[in-house]
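Here the structure comes first, spelled out in structure tokens, and everything after it is commentary.
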Amino acid sequence: MKMGFIDTIKTQLRPTPQHVDAVEIIPEATQEKGVESEKNAADVDIELQKQAASPTVEAGVARVEAVQAVWGKHGRYFIIAGLAMMMIMYELDNSTVYIYQTYATSSFNEVSLLATLSTAGVIVFAVIKPPIAKLSNVIGRGETYVLTISCYILSYILCASAKTIHAYAAGYIIYCVGQSGTNIMNDIIISDITSARWRGLAIGASFFPFLIMPWISAFIVNSVVSPNGIGWQWGIGMMAILMPFCASIIITTLLYYQGKARKAGIVATQKMTIYEFCSQIDLGGSILFCAGFAMLLLPLTLASTTTSRWRTPYLDALIALGIVCLIALPFYERFVAKHPLVPIHYFKNLTIVTSCLLIATDSLGFSCTHTYLYAWVTVAHNYSIRNATFYIFTNGVTQCLFGIIAGLVMLKTRRFKWLLMAAVCIRLVGYGIMIRLRGANNSMGELFAVQLIQGIGSGIIQTAVLVSAQIMVPHAQLAQMTALVICCSFLGSSIGACIAGGIYTNTFIDRLVHYLGPDVSTDTVKAVYNSITGVLPEWGTVQRIAVDEAYTDVLRYMTYTALASSVPSFILVWFMPNLELPEKNNLVE
């Protein structure tokens, strides 16, 4: 008998309580026709994950479980203190180096390459997460932290000493490896030591420094890049001293308790051959995953942000190779990999799939509307360095605040589905308002209001979807799932930056000529196109107003794209199972 529309709505609104002990696992061979049809999507999701869960525990996972067994009364507090120090430094880095990048590209007269550089960085940031998470499962959490912080330090040195955009770009790619690895390790450690019910609050609270740091960093950036400041190079260089100092607490604590667990005989030292190591980190799968997405997304950006566009012959070849790698990946993971980087059964799970797609679409819209936002607000509204920094990070600060609030709601209600539905509604309304209120003539209050609204929606989405996916896998696969979801977020960001770069490259010059008039010189147009410092007409002049309007048109086109990308979120949330968050680490153990 078919359900009516009202019955369908009632079914969606009805909670789906999940008590793992009560979940019956029926072997596939004994399932009778019609049994599976009686189960809801949540039951099927959990059953598939329990059947697919591997009984083996990798060395890195065993070590972190051993750390929790021996850390006693004070060990947990040292871990939390180390995470707090790490997050403070991470947010200081995140809220300053991002701004320095605009001035770095401008100093090389290459602002038009900002989207290309951002997209390349976001691609690296995204695709490196699963391999880093897998590596932490094999060699240990503390050892992986050492690796990521080392990448940070090397990148600071390379970027600070760069004399050309190419040298800076090389350092920036290594920087993205370090930042991405540290970011995923922070989330993994938090997820290791919290239950599913508390995890949303813990992850949200871990970004508490972001509520404060952008306001402090605005003054730091202002003093560094001002005419009498030390310059963006020194701004980046001083991070090479601060980062290892702040990371020392979490690294030392993890390594100390790992050693203590080893002495107590809780975890044994494992020796493996190079072949076994490569097998455990799934080197083949990692190469296919990273190369596939990199060769697919980067050429799309280059084609959309360079004057030669698709006439460059190697772009087609790279895209073809990228597609081949991504097609080969699931077959390799299914039939070759003994320890797959991305287990295929993840994509049979409705909760995991909808979570990944939700975070990807949310990040796409954010990146599309923010890649050129700093340049726009500096040019179109003549914001000072400090105020522009305040403006850029208002969205992020609001995200963090409402991420904490979302965590509290999830802790109290043990639910996340209808919280997500509210968030995607807010996000869609925010983009609609953005089209009206993000113009050259809008007031400061209107501009900041849009950032606040967008931050509310994203803060809830980014927190809830991570937890919803994590509860569907056992602890041994927690790091991989965390990396996969966050990877999807940054893949969405890279696509958004790619779209933004294409819109900027293909429309800004035309809009400049339209507003400045056909008599404007080519040199003037190119100067405005490639730099935001030293080449703009005086504020208040007819020429400056024309430049402001051209910039605003370009930002509006980007907002239309973000609005369209947010619409599918309603469908994704509607079909997401309404699960109950347990007191344990996940729903399948």
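Placement of Cβ uses the backbone N, Cα and C atoms for every residue, glycine included.
Within the set 171-193, 447-469, the record from TrEMBL flags 447-469 under the feature transmembrane segment. Most Cβ pairs under 8 A with the transmembrane segment (418-435) among the ranges 314-332, 352-376, 388-411, 447-469, 557-576 are made by 447-469. When each of 144-163, 314-332, 557-576 is scored by its Cβ pairs under 8 Å to the transmembrane segment (277-302), the top-ranked stretch turns out to be 314-332. Segment contact is absent for the transmembrane segment (557-576) and the transmembrane segment (232-257), given fewer than three CB pairs below 8 angstroms at sequence separation of 6 or more.
Proximity of the transmembrane segment (201-220) to the transmembrane segment (388-411) is established through 3 or more Cβ-Cβ distances under 8 Å for residue pairs spaced 6 or more apart. Between the transmembrane segment (144-163) and the stretches 112-132, 232-257, 314-332, 352-376, 447-469, Cβ pairs under 8 Å are most numerous for 232-257. Away from its own ends, the transmembrane segment (112-132) comes close to residues 101-102, 105, 144, 148, 165, 169, 172-173, 175-177, 179-181, 183-185, 281, 286, 289-290, 293-294, 297-298, 301-302, 305-306, 341-342, 367, 371-372, 375, 480, 483-484, 486-491, 493-494, 497-498, 500-502, 504-505, 529-530 of its chain (Cβ-Cβ under 8 Å, at least six residues beyond either end). Most Cβ pairs under 8 A with the transmembrane segment (352-376) among the ranges 232-257, 314-332, 388-411, 447-469 are made by 447-469.
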